[in-house]
2 protein chains.
Amino acid sequence: MTETGDGAGTVAVLGAGAMGSALATPLRAAGWEVRLWGTAYDEHLLDACAAGQPHPRTGVPVPAGVRLYRSDEFAEALHGVDTVVLSTSSAGVVDTTAAATPYLTGVRALLLTSKGFAANAEGRVGPLHKAVQATIQAQGWEPVPVIVVGGPCLATEVAAGRPTAAVFGCADRALAQRYATRMGTDVYRAHATEDETGVELCSSLKNVYAIALGITDGLSKGGHQPSDNLKGAVFARAVTEMVFLVEALGGEASTAYGLAGAGDLEVTGMSGRNKIYGSRVGAGQAPTTALAEMAAAEQTVEGVPAARLAKRLVDQRLEGAWPRLPLLRTMIGLVDGKATVSDVVAAALPRL
Amino acid sequence: MTETGDGAGTVAVLGAGAMGSALATPLRAAGWEVRLWGTAYDEHLLDACAAGQPHPRTGVPVPAGVRLYRSDEFAEALHGVDTVVLSTSSAGVVDTTAAATPYLTGVRALLLTSKGFAANAEGRVGPLHKAVQATIQAQGWEPVPVIVVGGPCLATEVAAGRPTAAVFGCADRALAQRYATRMGTDVYRAHATEDETGVELCSSLKNVYAIALGITDGLSKGGHQPSDNLKGAVFARAVTEMVFLVEALGGEASTAYGLAGAGDLEVTGMSGRNKIYGSRVGAGQAPTTALAEMAAAEQTVEGVPAARLAKRLVDQRLEGAWPRLPLLRTMIGLVDGKATVSDVVAAALPRL
């Protein structure tokens, strides 16, 4: 006999951008009833989905059977679901959570694909899943467990059904494992861990370190001199610093050298805006100019605000840690124009 | 006052191939007197160096002041040196060590850039540096400390003076640090560790896992479907298994997620023969055919014998470890035609 609710259920995915729509592919394949809700900014995305066209952000149509909900159909989207996936922009997560709270009766878990560190009203930096939990409790509702979703998961490939290994992090590891099983398919698999903070920290920091990997690519292209050895050194330094930070915050080293850290960094360092930004800088463009040009083209570089939040996090919580974080410290300086590419090279190499 | 011998000294580099000749660049820059000795197979390489031409394997001329020694000038090359670098092919290291032993009086360290695991006369697999030490002691000579050199160090870039982070592993960590200091330059830096076995294990295993990274590239190219998420999953799985193996053999996790493991894997997975072999297999060629074609073109794929040695190592020393090593086990099967690309994909993803 199967325990009630251990098979597929009904899920509301809040946010119809790249990752939200992409998850519809494995969720439908695993037998879930999927409701995809779009914010007011997602109207054109839902239009494409409703017309059976490829989703503009993933290039893949959402699978058959996905129900689409417009921004004003929020209550309908959430009615009677047992699971919610939060996939809006990181900036919108807390507001979306606050709006959803009255509808969470019967919801057994919130999965959080938007992630990163966020500052609370007092300016104290913490992981986004804590802000989600605090938002629910501030309204006087019972807490709902949050599962942080990390790992090397480009949305385009998840949508296309390419092999993907995610990480589900939740203090209630058994719950994370249950969801890994309920949502898993032949090609979408999740590793369950209780280290929710480590998953979220790595998901955020890998964007910062991907800029450094991009810089080594830019050095190769700009100076016509290969810098693969340096890329290896940067990669090792990045993983070593993530291990240190995760452990210092009470998490597990294996999160940082596994899927959420090294795995996600590998993918993020291959493509994407953080890497492109770094590559411009490595090829000789001033960091502030590169960022301004990309901003003008509406290309957000997530690693830049992530670097600044990381600085506040370390300053607030990890006294004396900076000597163990030479690359992170240098990247923070770089995005604010206070460190150079040469400083990045020096930070990646062992000291004499 | 400087302690005697803590500045640059006189070094004999045995083996004039890519890595041996490449090390002449940082060694000369650090002020060493460098003697480069070539085996009988290296004559044409020394000819090019003697003519001031680029070294055929690195594309870079050896720096001014390097003294070249032919295979029959072995004794002259070793006379009065305080340091020896062993850079012949792995297969030739033990014979070269045996020949060098009578000349090692006054030599304070052997640096070993050739590496990997090797079987002794009884078929028991162990790290190459132990075989080097055993060879010296078998002749009744005093042991000479061996420093294992690892990390992301493509010889072409070391020769060209590009930024490089090496690892020097030696049970006598202070000695490794002293050599890191004596040989370090602005662009060639070494991290010292006592985990000599971990460095050697990672240097060998990364070739096996680089084949798996190549397979993900081949899947992308062959099927015109991107497999970057899978590449991230393979990378994380590889580092996780290297951490497990290094710790099981008494080494440190940080070796495997640092320069010698993750760092070297990053570089090895970007280019080179292991990656090319994997890429052919991922694109659909049978593993045995791919290997035969590359062998016919005189392209050695180091990861193939390394996989077989790794199997013997685990069988002999780590009872019950195979369930923790699904990717390694699958790669061993693949090179012998007993596992498929689908098996590699399955091994890289978490289990349901």
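Cβ atoms are placed via backbone N, Cα and C, with glycine included.
Features of the protein shown, as given by TrEMBL:
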- B:LYS206: active site, proton acceptor (ACT_SITE)
- B:GLY15, B:ALA16, B:GLY17, B:ALA18, B:MET19, B:GLY20, B:ALA155, B:ARG273: NAD(+) binding site (BINDING)
- B:LYS115, B:ARG273, B:ASN274: substrate binding site (BINDING)
- B:11-175: domain 'Glycerol-3-phosphate dehydrogenase NAD-dependent N-terminal' (DOMAIN)
- B:195-345: domain 'Glycerol-3-phosphate dehydrogenase NAD-dependent C-terminal' (DOMAIN)
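What TrEMBL annotates, mapped onto the structure for a quick look.
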residue	record	contacts (Cβ under 8 Å, 6+ apart)
B:GLY15	NAD(+) binding site	B:TRP37, B:GLY38, B:THR39, B:ASP42, B:LEU86, B:SER87, B:THR88, B:SER89, B:GLY92, B:THR96, B:SER114
B:ALA16	NAD(+) binding site	B:LEU36, B:TRP37, B:GLY38, B:THR39, B:ASP42, B:LEU45, B:LEU46, B:CYS49, B:LEU68
B:GLY17	NAD(+) binding site	B:ASP42, B:LEU45, B:ARG57, B:SER87, B:THR88, B:SER89
B:ALA18	NAD(+) binding site	B:HIS55, B:ARG57, B:THR58, B:ALA155, B:THR156, B:ALA159
B:MET19	NAD(+) binding site	B:SER87, B:THR113, B:SER114, B:CYS153, B:ALA155, B:VAL158
B:GLY20	NAD(+) binding site	B:VAL13, B:LEU14, B:LEU36, B:VAL85, B:SER87, B:THR88, B:THR113
B:LYS206	active site, proton acceptor	B:ALA238, B:MET242, B:GLY261, B:ASP264, B:LEU265, B:THR268
B:ARG273	NAD(+) binding site	B:MET294, B:GLN299, B:THR300, B:VAL301, B:GLU302
B:ASN274	substrate binding site	B:ASN207, B:VAL208, B:ALA210, B:ILE211, B:GLY214, B:THR268, B:VAL301, B:GLU302, B:GLY303
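Of all Cα pairs drawn from B:LYS115, B:ARG273, B:ASN274, which the record names as binding substrate, the longest spans 17 Å.
The Cβ of B:LYS115 (substrate binding site) has 22 other Cβ atoms within 10 Å, all protein chains considered.
Within 10 Å of the C-beta of B:ALA155 (NAD(+) binding site) we count 24 further C-beta atoms, all protein chains included.
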